[in-house]
Every structure is written in structure tokens, then in C-alpha cells.
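Taken from TrEMBL as is:
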TRANSMEM  36-57  transmembrane segment
TRANSMEM  69-90  transmembrane segment
Amino acid sequence: MRGFFVRLVVRNLLGETFRPAVRDTSGGMILKKSRFVFVSCLLGLLVTSAGLAFLLLDESPEMKEFMPIAWLIGFAAVLLLFHVLNHLVFRAEAGENSIKVRSLGGTRTLRYEELRSVSYSRFNSGQFVLQGAAGTVRIPAGIRGAAEFVALISGKIGEAACTDAIKALDVRREDLRKWGEEA
């Protein structure tokens, strides 16, 4: 039974990268974050918020000892709230000529001819870092269609500029094979 849940989680976290991207009416890719992660974070937010309310509403003298725990739960709830909001706002659209990324920090657009390299950062569960003349755009590695997106970018700017991203996809593919089948 434990193996079933491990496979379920691994397939939903790592497998999302290799699923085909959603297409818009003009044929461009729409890259969205995983619903599995969103539901998990939303449930975590609800649980931490309920726990915080429980700890703060109990006025017994014994509960004063648990105030540091209440602060930690409150901090976790705030972090989960920002993660849920970022999940709701994030959207990346890869068209024929450019990529447009919308996040909590605003909207950025990079044209493919401006791109110099696509690297990989392990920060925040893995991100593809697109560096161009107009700035830097970060795309989470776990979004649906990420492998298809890296293939598109490597076709536009060359595989030599995308070696880190391709290696990261190979590692994710191997982890998916290893943990998704054997667990």
C-alpha cells in the first residue's frame, strides 16, 4: 500500500514535466503548475490555519507554553498562503517568437532571439533559468510541458545553450523511472 502512494506522488510531481503542454487557439504552449501541488498546498494552508486558530483561541494558562509553536504554525500558514497565491497567478505562454511569464512579481516577456542560455537551478524544487538580453525569466521545472518547452527552446537557440536544462530533464526522467515503477 505504501508503494502505491509513493508511485502516485512521484508520478504527479515528476511526471508532470513530461506530459504534453496545453495549447492555446494559436498553437502556442501554455505552461501551468501542477494541480496536485496546488491541492496539497491548499490542504496544508487549511490545516495550518485551523491549527493556528485552535491555539490562539484557547486562553488556558497551559496554552501559553505553546505560543512559540503557534508562531511557527502561523509562519507556515503565511508561507503556504504565498505559495497558493503564486500558484494561482503563475502562467507561462510560449508562442512562436517569445515567452511571456506572469507571476506575483509581474509579467516578463523574452524574445527567443534575445536568449543566450537556458540553465537549471535547484532552488525552489528546480527551475529553468532563461537568460537573455532583456533579463532573466524563471520557469519551474515541475510544470506540465516543461520537457516540450526545453525541446522548443533548444531548437530555437541550439542544444549547446541548453545543456544544463537537458541534463536536468534526464535526471528527472531517470528519477521518474526509478521511483515511479520500483517503489
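Quick reminder: no glycine exception, Cβ is built from N, Cα and C everywhere.
Within the same chain, residues 32-33, 37-38, 41-42, 44-45, 48-49, 51-52, 55-56, 101-104, 140 sit at least 6 positions outside the transmembrane segment (69-90) and bring their C-beta atoms closer than 8 Å to a C-beta of that stretch. Within the chain, the transmembrane segment (36-57) has long-range Cβ neighbours (under 8 A, six or more residues past its boundaries) at 12-13, 16, 63, 66-67, 69-70, 73-74, 76-77, 80-81, 83-84, 87-88, 142.
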